[in-house]
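Visitor: Straight out of TrEMBL:
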| type | residues | note |
| --- | --- | --- |
| TRANSMEM | 20-42 | transmembrane segment |
| TRANSMEM | 48-72 | transmembrane segment |
| TRANSMEM | 92-115 | transmembrane segment |
| TRANSMEM | 121-139 | transmembrane segment |
| TRANSMEM | 181-203 | transmembrane segment |
| TRANSMEM | 215-240 | transmembrane segment |
| TRANSMEM | 246-267 | transmembrane segment |
| TRANSMEM | 288-306 | transmembrane segment |
| TRANSMEM | 312-334 | transmembrane segment |
| TRANSMEM | 355-382 | transmembrane segment |
Amino acid sequence: MIVAREELFSWTKVAPTLAVIFVSPAILTVGCTMGMLVPFWFAVGTSIVAGATISLLIYLHGGAGAASHLSFAKLMDSCLGTAGSRFLASPLIALTQMGWFSVLITLGGGSASAITGIDRAFTITVFGAATAIVTFSGFSRLSRFTKVTSSLTAAFALWSLREIFVRGVSFHEMAYDPASFLFLSGLAIGGATSISTVSPDFVKSAKTKKDMRITAFGIVLPAMMFTLVAGNVMGAFTLMPDPVSALAVVGLPALANILLLLGSAAAASSLYPPSLALANIFKVKRNIATIPAAIGGIFLAYLGIVDQLSSFLRLIGILLPPLIGINIAEYYLISKRKPSLKPGINSRGVFSWTLGAATGLLPFGIPPINAIFASLASYLLVNHFCPPKPPERCPASTTQNKLVSFGMPK
């Protein structure tokens, strides 16, 4: 029996590290997009549903990592197999999280260009490289840095809201379409599942279930709600899909652009998960993997990912939720909170992920939720009707072939 051992912390240490990721210009941009597309109160209702759903997923999925004190990659070893985790889950995380890094450096680079008048492509490149240096330096420094950037983003959001309400809110009239609720919920939930999926990496050091409850529902939920609703107001008032464009309409002074620029440095935190994923794929040090992750994110920024934000959120909502579904099924229902490392590729997990992703493509309901339930149900059914062979008993004199299992110390 191998048990993960590391220093454990209460929610006061764990919660801020995760919650600050949700107070970023990227989440503001999601809120802006929602507020631009549908009536304001409709967008707010969608934000509430999205926030509650993501908090629940963090409690369940991140809670699996917290209870076993295992990272996301180690948890995926138990349902996809070591090779499946390395060559399926890790590439998906690398791609989607590099996308969020790209969104943030696009916003930050755009703000820098507006302030200085320098070519936007150049400022995006410099800004991306500068934030990558922070990620390269290590997690402890990154955590402290991200808390500062979230505070600056919150200050920018509050300032923007004040200016909008002082000038007299005049939201644009839009037709009500019930189908928009499902579409926008899918975008918001799908986009935020990128953080929910890697949440075990951020909360694996939590001490107790109480710490996880406070983290998910007491800290993350209000943080995400604040950022989304602030974005809803900006989008509904300006009809602009991102904070940089909204700035021009509202007419905030240059200082607001500086706050947004500094807040966008939260890109450093978005670069951490893909660096872990690439390190798992290529078996290199995490800080070294930061370099190709940053290059990939900068390239996506050149391609104009912010202009295709809805498509990007839709893609995340197809690829990542099935990973959450099979992980929840394995941890809580199959292995009974004692996940075991599976060598090679676990075909049951790969099949269930594929079915979940295919379900997410279907045009009904809320696609990310559909994908989670489809992958969870199929994983349970496949393991019930085609159970894996039990591991062979090893001779008492050797331990080389024993199944490595992870769990809480008794």
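Note: Cβ is positioned from N, Cα and C throughout, glycine not excepted.
Remember, it's a predicted structure, so these values are computed and weren't measured experimentally.
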Visitor: Compare 48-72, 121-139, 355-382 by their Cβ pairs under 8 Å to the transmembrane segment (288-306) and return the stretch that comes out on top.
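Guide: Ranked by Cβ pairs under 8 Å, first place goes to 121-139.
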Visitor: Give the one range among 20-42, 92-115, 181-203, 312-334 whose Cβ atoms make the most pairs under 8 Å with those of the transmembrane segment (121-139).
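Guide: Stretch with the highest Cβ contact count: 92-115.
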Visitor: Looking at the stretches 20-42, 92-115, 181-203, 246-267, 312-334, which one shares the most CB pairs under 8 Å with the transmembrane segment (48-72)?
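Guide: Ranked by Cβ pairs under 8 Å, first place goes to 181-203.
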Visitor: Are there residues at least 6 beyond the ends of the transmembrane segment (246-267) whose Cβ is under 8 Å from a Cβ of it, and what are they?
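Guide: Here the qualifying positions are 20-21, 24-26, 32, 100-101, 104-105, 107-108, 111-112, 114-115, 127-128, 130-131, 134, 145-146, 149-150, 152-153, 155-156, 159-160, 163-164, 167, 234-235, 237-240, 297.
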Visitor: What residues in the same chain, six or more past the boundaries of the transmembrane segment (355-382), come closer than 8 Å to it by Cβ-Cβ distance?
Guide: 53, 57, 79, 182, 185-186, 189-190, 193, 314, 317-326, 328-330, 333-334, 348-349
Visitor: Using a Cβ cut-off of under 8 Å, list the residues of the same chain at least 6 residues beyond the transmembrane segment (92-115) that approach it.
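Guide: Residues packing against the transmembrane segment (92-115) from afar: 24-26, 29, 72, 121, 123-128, 131, 194, 197-198, 242-244, 247, 254, 257-258, 260-261, 264-267, 270-271, 273-274, 276-278, 281, 293-294, 296-298, 300-301, 305-306, 309, 312, 315-316, 319-320, 323.
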